[in-house]
Amino acid sequence: MNDYSGIPPVVAIDGPSASGKGAVSVLVSRSLGFNYLESGLLYRVVGAIVLKNKLKWEDKLIHGFISDQKISWDNNGYPLVNGCLFSGLYDPEVSLAASRVAKIGLIRDILLKLQQDCRQNPGLVAEGRDMGTVVFPDARLKIFLTAIPEVRAKRRFLQLKERGGCVKMSEVLEEILLRDSYDSTRKVSSLRVAEDAIVIDSTNMSVNRVVDEVLRYVSQRIL
């Protein structure tokens, strides 16, 4: 393995909602012994704060409120707000709220440093929607993981059911399509494929197969 005493290497894994990037990133980070960043949790937390406090969807109002909150990480890589954990971060309404706050440039500015601070030795696997384009544009390996909406909706539906959620498949698909629209059309840090990213379509691939594919590229670009 190369000497990472300088700038820790980053594996950036981007993709739309429920593309499998979370599960893949966790397994890749464990295999490499790297740190792991689930950037979407930060936006989910902010979305949950907006909903909990019934804030109006006004950029300056939300920015002012969030600026007064202390957002940090716990030892397990989970975001804390004023030292407290939030529950229900994967509820459909929180998911949509997360996409809405992600369109606010001032909020993204607040959360940018929190994400970049996760870049520590021996390396980092960062997953999100703009890891390779905005947060870590110098990542040694950039992966864009995707799948057709119907497959992604099924994955998210099963995930929510396992967590005890009461949702309908049609509602999950609708949420997935709406999030795709939010993420790809926002003016700030929209979801897009980095020019130097490797695109992997996981529609017909198991998680383990995708992990093996990513690790193959890691061995070529980093190890």
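For all residues, glycine too, the Cβ spot is worked out from N, Cα and C.
Note that TrEMBL annotation is computational and uncurated.
TrEMBL annotations:
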- GLY15, PRO16, SER17, ALA18, SER19, GLY20, LYS21, GLY22, ALA23: ATP binding site (BINDING)
- 11-219: domain 'Cytidylate kinase' (DOMAIN)
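Annotated features, which come from TrEMBL, shown on the structure.
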residue : record           : CB count, 10 Å
GLY15   : ATP binding site : 28
SER17   : ATP binding site : 26
SER19   : ATP binding site : 27
LYS21   : ATP binding site : 30
ALA23   : ATP binding site : 17
Restricting attention to the domain 'Cytidylate kinase' (11-219), give the mean pLDDT.
93
Quick check: which same-chain residues outside GLY15, PRO16, SER17, ALA18, SER19, GLY20, LYS21, GLY22, ALA23 lie with their CB within 8 A of the centre of the ATP site CB atoms?
VAL24, GLU127, LEU145, ALA147, ARG152, ARG155, SER202
Mapped DSSP class for SER19 (ATP binding site), helix or strand or coil:
coil
